[in-house]
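Taken straight from TrEMBL:
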{"type": "TRANSMEM", "residues": "12-31", "note": "transmembrane segment"}
{"type": "TRANSMEM", "residues": "57-76", "note": "transmembrane segment"}
{"type": "TRANSMEM", "residues": "97-118", "note": "transmembrane segment"}
{"type": "TRANSMEM", "residues": "130-152", "note": "transmembrane segment"}
{"type": "TRANSMEM", "residues": "164-188", "note": "transmembrane segment"}
{"type": "TRANSMEM", "residues": "255-275", "note": "transmembrane segment"}
{"type": "TRANSMEM", "residues": "315-336", "note": "transmembrane segment"}
{"type": "TRANSMEM", "residues": "348-372", "note": "transmembrane segment"}
{"type": "TRANSMEM", "residues": "384-405", "note": "transmembrane segment"}
{"type": "TRANSMEM", "residues": "411-434", "note": "transmembrane segment"}
Amino acid sequence: MTKDMTEGAIPPLLVGFTIPLVLGNLFQLFYNAVDSMIVGKFVGETALAAVGTSSPLMTLAILFISGMCMGAGVLMGMHYGAKDYDVLERQISSTMIGGLMFSVLLSAVCVFLTPWLLRLIRTQEEVLPIATGYLRIIFCGLIFTFIYNFYASTLRALGDSRSPLYFLMISAALNVAGDLFFVVVLGWGSNGCAFSTVLSEALCCLLCGLYIKKKVKILCLGRKWRVFDRRLFYKTVQFGWVSAMQQATVQLGKIGIQAIVNTMGISVMAAFAVVNRIDDFAYTPEQNIAHAMTALLAQNKGAGKKERIREGFRCGLWIEMIYALFICVVCFVFARPLMKLFVTDEEVISLGVIYLHAIAVMYFLPAATNGIQGYFRGMGDLKVTLSSSFINMGVRVAAAIPLVFSMKLGIVALPVAYLIGWLAMLAAETPLLFRRKE
């Protein structure tokens, strides 16, 4: 159900919008984590390291697509808040047509370049064939990634964050069943996990499309789906490209860190693969709170309601900090049990516990940066989010190099590098925040 976020009390709106986003992304992370659990338990450490090494490249492509959709969603939210429905319809159809063509091209390029990309991040030869097969299957499904993210971003721009959750829940259940069938029963290894993920995404797209056709009248465009407005598409690309580059910049930073981790041995690689999964579960709700802020602020930006913009930002930042306190305690206290969910090797578990104890106390920093980025996205100032993300990732990777290779801090070097990057990001974006009028 679509929702006008330019009216009503802001805290219930933000919380009500955030909860489905959080649950949806946790389900998505869950069925990604299931891949790691099943591979670690039923295939082995080498396959787990291959999946972990593949993850940054896979996520880079996915986040680039979702970033394009997110940027388009900001514009959709502004048009919806301004009640400019004719422009909204033309933007939706133009984004769908252009996005489908782009995702097919991106899929073909990624499949072709997979071995080269894995070697670029210094993937060890013993895991290269496994990682190549896994990644190529995932890349073949990028068109489904676009379709789902397009539908989800459009619905969220219209104030509906619940419907995408329902589709992801079904998709997650199908993915778990598929993993068990293709890996445990058929013995397809990590390729079975990848195939199950793509299949579940395709079914999620189908369900989402059927729902929109029957329930969301404003998106039932009929022949208008064929309309391609070049001017609107160019404007959408401007927003989407900056948002995609911001998402890609974040992931490129992770790939840089992964390249460093790949020089530290199989045990560290396996531990880092697991803590990345755990860290995603901890960190993603902070991003979702920021996305809820973006949706609310974009609609109110379109409606010209400055006081609601200020109140929405303050409320969102408080929610970020409350969540950060909660997840800090959880990850610090339950670090070892969380690691044991994924692996049984004691050395890998111990390395992961060291990492989690260090990173847990830092979650307040990304909570602050995500809240500020949610504000700038909602205002349409996507260049600020791009530049600050670039500073964060550049400083993070630059700091990790001496911490690992010169100071020999081992896996502890990684959270320390993250800390330095987050502080640099806050130093860059906080002054810009105070200069704004809204």
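First residue shown is number 1, and so on along the chain.
Cβ atoms are placed via backbone N, Cα and C, with glycine included.
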*For the transmembrane segment (130-152), which recorded stretch in the set 57-76, 97-118, 315-336, 384-405 gives the largest number of Cβ pairs separated by under 8 Å?*
97-118
*To the transmembrane segment (411-434), which of 12-31, 255-275, 315-336 is linked by the most Cβ pairs under 8 Å?*
255-275
*Most Cβ pairs under 8 Å with the transmembrane segment (255-275), selected from 12-31, 97-118, 164-188, 315-336, 384-405*: 384-405
*Counting only residues 6+ away from its ends, which parts of the chain sit with a Cβ under 8 Å from the transmembrane segment (12-31)?*
3, 5, 152, 156, 159, 161-162, 164-165, 168-169, 171-172, 175-176, 179, 197, 200, 277, 280-281, 284-285, 287-289, 291-293, 295-296, 312, 315-316, 319
